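Pulled from TrEMBL:
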TRANSMEM  46-66  transmembrane segment
TRANSMEM  78-96  transmembrane segment
TRANSMEM  116-132  transmembrane segment
TRANSMEM  162-180  transmembrane segment
TRANSMEM  192-216  transmembrane segment
TRANSMEM  266-284  transmembrane segment
TRANSMEM  304-324  transmembrane segment
Amino acid sequence: MEAFLMSLAVDMGKPKKVPPKHPMTAERLPKGHPSFHQQTRRLYKALHWLLLISVLANTAPIAVLPGRQRIVYRHLHLCWMAVCYGWFCLASYWEFVLITLNKVSIDCYLNAMESAIYVVHSASILILTFQWRHRAPAVIDRIVKSDLERGYSINCRQSKRFLRVQLSLVLVLACSAFAIDICSQRFVVYKAILSIHSFVMPNIISSLSFIQYYVLLQGIAWRQAAVTESLQSELQHLPCPRRWEVQRLRLQHAELTRFTKLVNTAYQYSIVLLIVGCFFNFNLNLFLVYKGIDVPELADWVRWIYMVLWLAMHMGKVYGILYFNHKVQDEASSQSPFHLGLI
């Protein structure tokens, strides 16, 4: 389902209300219609880098890329997914044997549990990507038709700006994690490679997956704002509001509310696994802080920076989940007065 929702990120350009040229509905709009192709091109233009990076990170099926729906591409991507996850599991095993088992009991236990959570979380992302490998193109076509039916136009500049900020944050955290992880392993090459593949890479992959989640929620908030603006204009600036238009806008609001529930339901397992991983990581850092205070010679600046970085990575994802859900609810609650006025 995550791969499906990633495909639904077409909604993410800030919607602008545009006057429809004719009352053609989504079901009657043919795929060969010029508006359909124009909207599809704008979609891929706005989401090009997110889709490409998601495919390489195995958080989206390759079918979401234009011109990559043939079976040969799907088989190549499946092989890429199997190789990446196999290498990840192998690296996690040898990291546990060569590094984690040499730590003290509590430290060893917490590290092992955190690594196991990452293995499960990565597997869940791959399974969902595999399940939606055939349906992604049809989903994109359906959403483009829905956009045209509703009279919305994708704001490519707004979408790119939002995605640029999110991807830049992941890039900064990833580069910082690579550098600090190498320093924390005392520049021992094999330890650094195993640690990066066991702990840093799964966090980067989950961050990319949650970018899709943030993009979806932000798009819902933008659409709700557009619906609220249209409803306000209809009720307050017209002497006699058109009841059919008001009803249509209310149905759009109800649809966005249902879509919000669908998004959160689809990501519920990833959110749970993220929270569980945060719990073990927080307890591990708490233990390391206590050990550093109790035995100061065991602590150094690299360990402290490493702990702060991991807390920032985990707490940043949790904050993003809460922030964008709160933003959607704020936009939804702003429509309540208009709904009450119609009763």
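The backbone N, Cα and C atoms fix where each Cβ goes, and this holds for glycine too.
Caution: TrEMBL annotation is automatic and unverified by curators.
Three or more CB pairs closer than 8 A are found between the transmembrane segment (304-324) and the transmembrane segment (162-180), so contact between the two stretches is assigned (pairs 6 or more residues apart). The transmembrane segment (266-284) makes no contact with the transmembrane segment (162-180), as judged by fewer than three Cβ pairs under 8 Å among residues 6 or more apart in sequence. Using a cut-off of 8 Å between Cβ atoms, the transmembrane segment (78-96) and the transmembrane segment (192-216) share at least three residue pairs, counting only pairs 6 or more apart in sequence.
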